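Enquirer: Encoded as structure tokens, here's the structure I'll be asking about.
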Amino acid sequence: MVLLHVLFEHAVGYALLALKEVEEISLLLPQVEECVLNLGKFHNIVRLVAFCPFSSSQVALENANAVSEGVVHEDLRLLLETHLPPKKKKVLLGVGDPKIGAAIQEELGYNCQTGGVIAEILRGVRLHFHNLVKGLTDLSACKAQLGLGHSYSRAKVKFNVNRVDNMIIQSISLLDQLDKDINTFSMRVREWYGYHFPELVKIINDNATYCRLAQFIGNRKELNEEKLEKLEELTMDAAKAKAILDASRSSMGMDISAIDLINIESFSSRVVSLSEYRQSLHTYLRSKMSQVAPSLSALIGEAVGARLIAHAGSLTNLAKYPASTVQILGAEKALFRALKTRGNTPKYGLIFHSTFIGRAAAKNKGRISRYLANKCSIASRIDCFSEVPTSVFGEKLREQVEERLSFYETGEIPRKNLDVMKEAMVQAEEAAAEITRKLEKQEKKRLKKEKKRLAAIALASSENSSAPEECEETSERPKKKKKQKPQEALQENGMEDPSVSFSKPKKKKSFSKEELVSSDLEETAGTGSLPKRKKSFPKEETVTDPDESENKRVPKKKRKLSKEEPLSSGPEEAAASKSSGSKKKKKLRKLSQES
């Protein structure tokens, strides 16, 4: 008896199920359909043999890609080799995808079956899968399916922001609409302002320039020689500026009120702003075409290439079109009308706006349009499927069209397509290498900037964390200084007291003539009595230290006051000074007698 197993691929893992009563199930298909909806009956038919969950979303994506491509993944191989019976001829494996079934049968040797009863059984497994696997809920299974679906779609699409042709379609459509609107509004300005200054219409042909002049001139009676320089800047022609000035003096236009001029100027400013926006939009379109379709834009121009992409729907659709379709793209009405009336079919569509067809002679317009459509088809395929966009092929194809155009006119034989493509391949490789180098440099610069930015953020965070500590330190420092100030003041006063004590005897020395005469003798004899003065005077002057510390005077002022202190000293200090002076005189007399 053949054992029937069913392989079920889910977003959470692989499930291998075994079926009972294979022969009855294969014969009674309506009963199988009824059993699928009932969970109890379905459990009687199907039992879970093994379940291999995916370890991560990345592994699930790899297995999903392998199943879609018809490749047997290592996880699937391990599951089948482990849990299927060793006798492969007695095993029948049911799978949902014929591609993966063929791969399993080729690599592992198991007979695989698809469709029929297998599809009904898989439908029941898909319906009751969260009940067959323990620990799996319906909500978690739905979340796994949603996540795997998003990652699988994202990997298949390989989305590139810089090569989106939707922006080109929108910008070229807006550009065409702006051209129509600017022309309509400019004609309205010409008609409106022409009542006042009708001669300006004949002098100025450009719509944007006319609107700028209408906005600048305003009332023609106020136009004079002083505004001639500004007119030359706007018209870019001295002769036209002079003609405008002369026409304003002899104009046949009607007078206009101030409120009408205000409305005309405001409307003219709107038209001027629209024309400026149109120029910026055209610049944006050129840059976008150089990124998305550089070869097509180099061959036929940015505007015509963008119109071809917009009419086809996308660059991929344009690349799929044959050259005959590209030739008449945009002339569908004329084509079907010609087919209906059995007339001549159109020779060109949107590619008529290129310069090549206009330069060709009337008899050669059909030939050059067919040749140009062929080259446009090649360029669009190169742009669509090349990894590194480059305009080398477009430039070479343009050279070929130029040579073919000269061949129609002069008969000069053009180069062969093989030689031109060989040159283009060599130049394209060099251009691709340069582009890759530039991209690598840009990536390095970006990484350096990112590192600098992260370092700056880290430094700023460290500074912010150290700022509170610095604030605490600065708040503590003034407190210490306040405590130290009275101590320092006392120490300074204590150091200054001896100087004050030394200054007093010096003053008294100046008053005594004998001391001046015997100053040399004092140096030789030594200052034996000076320490006594040092000990006596600080003790007496410590009484006045708190007053000086409270006053917190500058040392210079203290020195001045110390000179004046003897004048304001008390009677005790005066008596002490007299006694010390008398003792000194006696000692000096003894020394002079001994010598």
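Cβ atoms are placed via backbone N, Cα and C, with glycine included.
Annotated coiled coil per TrEMBL: 214-244, 418-457, in sequence order. Per TrEMBL, domain 'Nop' is recorded for 292-410. The region 'Disordered' annotation in TrEMBL covers 458-595. Residues annotated as compositional bias 'Low complexity' in TrEMBL: 567-580. If you look up TrEMBL, you'll see 581-595 marked as compositional bias 'Basic residues'.
Could you place these features in context, so I can see how deep they sit and what lies close by?
Expert: Only residues 6 or more beyond the boundaries of the coiled coil (214-244), in the same chain, are considered here, and those with a CB under 8 A from a CB of the stretch are 189, 193, 196-197, 200, 203-204, 251, 253, 256, 261, 264-265, 268-269, 272.
Under DSSP, residues within the domain 'Nop' (292-410) fall into helix, strand and coil as 92 helix, 0 strand, 27 coil.
Sequence-remote contacts of a segment are chain residues at least 6 beyond its ends whose Cβ falls under 8 Å from one of its Cβ atoms, and for the coiled coil (418-457) they are 388, 390, 392-393, 396, 399-400.
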